[in-house]
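Enquirer: I am attaching a structure below and will ask some questions about it afterwards.
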Amino acid sequence: MIKRYLSIFLLGLCFALPTFASLFGSQPKFLPSEQAFVFSPQKQAERLLLNWQIADGYYLYKKEIRITANNAKLGEPQFPTTERYQDEFFGEVEIYRNQLQIPIPLEPQAQGQISVRYQGCTKGFCYPPEDVTLDLQAVASATNVAKNTTESTASSTTQPKAEQNQLAQTLAENRFSIFWFFVLGLGLAFTPCVLPMLPLLSAIVIGSKQRPNSVRALLLSLSYVQGMALTYTLLGLLVSAIGLPFQVALQSPPVLIGLSALFAVLALSMFGLFNLELPHSWQQKLNQLSQQQQGGSLFSVFVMGMIAGLVASPCTSAPLSGALLYVAQSGDLLTGGVALYLLALGMGIPLVLVTLFGNRILPKSGDWLLKVKTVFGFVMLALPVFLLSRVLPSAEPLMWSALAIAFLIWLNEQCNGLRGWKKLFRLIVLALLVLASKPWLDFAWQSSAVTQTQTNHFTRISSLAELEQQLTASKGKKVMLDLYADWCVACKEFEKYTFTDPQVKAKFAEMVVLQVDMTQNSPDNDQLMKHFQILGLPTILFFDEQGKELSQSRVTGFLPASDFLQWLNGLNQ
């Protein structure tokens, strides 16, 4: 008989264990932030290395990594390639897993402090932003000590290899991307300020003498293009030599906002609102100097090309400004010189072809030239978005979306008059327009959904003092405190999937439900986190009828409605 009861008891225990586990024993164990994201700065000769060792299954958001100089001169942080991650609430985001190293150009004897902020998540759980202040001299001293004590270890032999691989990858990416300057130059040659001038320019290059043979014509046109390319290359070398001071300026929000306004104005010039060119008196002097050179001579044509590079046309000056901004950020003389050389080469290729084959190879002028110029205007507007994204990283998807919507609306207008199968192109444009609107739709949905959920269920508090007041006023009833943040993906999952469940709502009616917004990571937020020793979000705390926390009932990480309902039911047991 005893064996029979023992068997029944053990069998019942086996079935009961999963239930107890789902109530209070199945909470996933999340690492503390300092273990999930091990941060270690390192100072080298002319750069600062920010290193993170990221635990398996965890990741850092690129847009949440913010580096601010405090009385220190820093260059532009060089972020490595990211992993694209499709998030239900934030759309496509850029993240880093496993390891992350961010080199920052630095003056050799740089002093001062910098502030580093980063924030990451894992499945079902997010950490609040971490703020670290680094003293550059202290980092340099610590790096030297570490280097002297580990020269003979395995880590000192493997680290250079990793850095070389990263450098090779960066150079490969730069070599690929730099050829887009050639494509940009080729595109500028087909703007209404440049293309109609090619036949006249070809005649000037050849000179008034009898038309030379093909080889001579090729040499003359190439000489002109090389002269123009020399001017552009020198411009690229000049702004690259400025390098670090310019990169430091690009860390300042006022400078970023000012440059954004400037490039927005330059974009308006591409839309035809006004012409951007050198003062008329300057143009006259340069043109007179150019006319003194006789066509047909290699040296004279070369000088003409150099002068032509200075007289930027209204169609090329705005994109040229954007190109100069790019090479100034690189701070690399080779990149700056080659990039601007390729730009000039792209602009010069059509001239070489016209000089060789005559006007017959040119497409006819028309409205399409103005459309090309307008497209470059939209390309120019991408620069303000790129710059402002550093000041307003959370608004970056919305800004890119707005730019894409504006371009697609304009493109849709260009489809008027299309007939037959060409109407399919308009359908594609409209489909892309809907897709481009998604960030705004998501933003509107999130705002309304979160506001509605918070209004329906929660009483908002903002500090530990307010919580204590609520606990005192709620004696005799259980209290739930939800710690929420806009940057917390799992918090939004709770809002969408769990708190909207009818049975969960019914349970909420039996208790006092509070919520505190941890988005800003304010001092009050920090006090709450430290008081309750909270690692990250979402975290949900429960208090009994006397206002004492039920510490064993704490929820960390996302739970679906069914599991959360079991958790709530378990509070009464």
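Cβ coordinates are placed from backbone N, Cα and C, and glycine is handled just like the others.
Pulled from TrEMBL, these are the listed features:
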DISULFID  Cys193-Cys315  disulfide bond
DISULFID  Cys488-Cys491  disulfide bond
DOMAIN    432-573  domain 'Thioredoxin'
SIGNAL    1-21  signal peptide
TRANSMEM  178-206  transmembrane segment
TRANSMEM  218-243  transmembrane segment
TRANSMEM  255-274  transmembrane segment
TRANSMEM  295-313  transmembrane segment
TRANSMEM  333-356  transmembrane segment
TRANSMEM  368-388  transmembrane segment
TRANSMEM  394-412  transmembrane segment
TRANSMEM  424-441  transmembrane segment
Enquirer: For the domain 'Thioredoxin' (432-573), provide the mean pLDDT of the predicted model.
Expert: 87
Enquirer: For the transmembrane segment (333-356), which recorded stretch in the set 218-243, 255-274, 368-388, 394-412 gives the largest number of Cβ pairs separated by under 8 Å?
Expert: 218-243
Enquirer: Between the stretches 218-243, 255-274, 394-412, which wins on the count of C-beta pairs under 8 angstroms to the transmembrane segment (368-388)?
Expert: 255-274
Enquirer: Per DSSP, what is the helix/strand/coil residue tally across the domain 'Thioredoxin' (432-573)?
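Expert: For the domain 'Thioredoxin' (432-573), the helix, strand and coil counts are 75 helix, 24 strand, 43 coil.
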Enquirer: I want to check the contact list for Cys491 (disulfide bond): same chain, sequence separation of six or more, C-beta distance under 8 angstroms. What comes out?
Expert: Cys126, Tyr484, Ala485, Leu537, Pro538
Enquirer: With Cβ-Cβ distance below 8 Å and at least 6 positions apart along the chain, what are the contacts of Cys488 (disulfide bond)? List them in sequence order.
Expert: Cys121, Cys126, Met518, Leu537, Pro538
